[in-house]
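Peer 1: Handing you this structure, nothing more for now.
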Amino acid sequence: MTSSPTVNLLDLDAAGLVAYCDSLGEKPFRAKQLQRWIHQYNAADFDGMTDLAKSLREKLKGRASITMPPVVSDHISSDGTRKWLVDVGNGNAVETVYIPEETRGTLCVSSQAGCAVNCRFCSTGKQGFSRNLGTGEIIGQLRMAEFALRASRGTAGGRATGGDGKGERVVTNVVMMGMGEPLLNYDAVVPAMRLMLDDNAYGLSRRRVTLSTSGVVPMMDRLGADLPVALAVSLHAPNDALRDELVPLNKKYPLRELMAACQRYLKVAPRDFITFEYCMLDGVNDSEAHARELLAVTRDVPCKFNLIPFNPFPESGLLRSKSEQIKRFAQVLMDAGVVTTVRKTRGDDIDAACGQLAGAVKDRTRLAERTGKGKVIEVRAV
């Protein structure tokens, strides 16, 4: 007779924990206790969960675990941006990036090892697609970052609830903008986001969790029905011909379908606008004519634009738009009354800037050889 495999409790959202506790003959309130210990107190084992009955702790020891993927490296940029490289097995690694600002701290979370969308300007796509991350590997990035950041500030004790003192939350916003297309890993991403929003876990509001998609139209509709959070759309081109080239997914879901999906999503969204992300590529999509075309294609969608200076990498064959051209492009949009921001490049000295999350593609295929599997490398400032 073989024993059942242990259940990683990080893979379970609130409903999953209730069902698991029920399978052990336990009441639903035990699930809330477990969830708080795991996500608010950073418990690594069951012995310290002192408000659980000893009999339940003994059951859990033999049947469950709280398993985090190991951190391979931890780097801090000169601008305070912090990047972790996380080993997700079989030579694959994903990256998690924390961006500190004066009034908030934003965590950029990965959803896949690699990416199948293969946008021309994104280094992650050049490494190819390996696999979807599990719910525990996704929410584990937030858990790891929150408590690592609190430890570095000397506030490791207490609950991460956003209150005063030692329980003050460091990560105030999460953006699903790391490696991968979140809507192509829907069944793992949504439970992870439910935990982000759960008051017994991280307690973020729907306005503070943003999912970025390249435009998987059917799953945008499903997300709107299941868990509408703030939405960003990787647009990057004002017409189908150019977007087909830059974002191959456009061939399946062209701009007219994408704009209609955005309109439907806004009926249930926590914000009253869609954020359109637009990577500024020199001589490709950055003319004033492109800007006017962009206004036309998005005219029926309440929106704001986030212009992203391209972060060059060798395989792309692309260049960043010149600063003056970005300003001219932005001015066309602003003159039309559309809120437009230019993303400040953060963490590019540690390859943590937008579009750089794969690092050197060849390095990802030799993760174990480079670092030793599971080894944690000391933080270094750069």
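In case you wondered, yes, glycine gets a Cβ from its N, Cα and C as well.
Swiss-Prot feature annotations, pasted as is:
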{"type": "ACT_SITE", "residues": "E95", "note": "active site, proton acceptor"}
{"type": "ACT_SITE", "residues": "C354", "note": "active site, S-methylcysteine intermediate"}
{"type": "BINDING", "residues": "C115, C119, C122", "note": "[4Fe-4S] cluster binding site"}
{"type": "BINDING", "residues": "G180, E181, S212, S234, L235, H236, N311", "note": "S-adenosyl-L-methionine binding site"}
{"type": "DISULFID", "residues": "C108-C354", "note": "disulfide bond"}
{"type": "DOMAIN", "residues": "101-349", "note": "domain 'Radical SAM core'"}
Peer 1: In whole Å, note down how far the CA of C115 ([4Fe-4S] cluster binding site) lies from the CA of S212 (S-adenosyl-L-methionine binding site).
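Peer 2: That separation, Cα to Cα, works out to 13 Å.
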Peer 1: Measuring Cα to Cα, how far is C119 ([4Fe-4S] cluster binding site) from G180 (S-adenosyl-L-methionine binding site) in Å?
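Peer 2: Cα of C119 ([4Fe-4S] cluster binding site) to Cα of G180 (S-adenosyl-L-methionine binding site) measures 11 Å after rounding.
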Peer 1: State the Cα to Cα distance, in Å, between E181 (S-adenosyl-L-methionine binding site) and C122 ([4Fe-4S] cluster binding site), rounded to an integer.
Peer 2: 12
Peer 1: Let's check the environment of C108 (disulfide bond): how many other CB atoms sit within 10 Å of its CB?
Peer 2: 27
Peer 1: Quick one: which of these recorded positions, C108, C122, S234, L235, have their CA within 10 A of the residue listed as 'active site, proton acceptor'?
Peer 2: C108
Peer 1: Which binding-site residues from the set G180, L235, H236, N311 come within 10 angstroms of C115 ([4Fe-4S] cluster binding site), judged by C-alpha positions?
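Peer 2: Hits: G180.
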Peer 1: In whole Å, how far does the CA atom of H236 (S-adenosyl-L-methionine binding site) lie from that of C122 ([4Fe-4S] cluster binding site)?
Peer 2: 11
Peer 1: Does DSSP put S234 (S-adenosyl-L-methionine binding site) in a helix, in a strand, or in coil?
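Peer 2: Strand, per DSSP.
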Peer 1: Just the number: how many Å between the Cα atoms of S234 (S-adenosyl-L-methionine binding site) and C108 (disulfide bond)?
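Peer 2: Approximately 15 Å lies between the Cα of S234 (S-adenosyl-L-methionine binding site) and that of C108 (disulfide bond).
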Peer 1: Return only the integer: C-alpha distance in Å from G180 (S-adenosyl-L-methionine binding site) to C122 ([4Fe-4S] cluster binding site).
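Peer 2: Distance between the two Cα atoms comes out at 10 Å.
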Peer 1: State the three-class DSSP label for C108 (disulfide bond), counting H, G and I as helix, E and B as strand, and everything else as coil.
Peer 2: strand
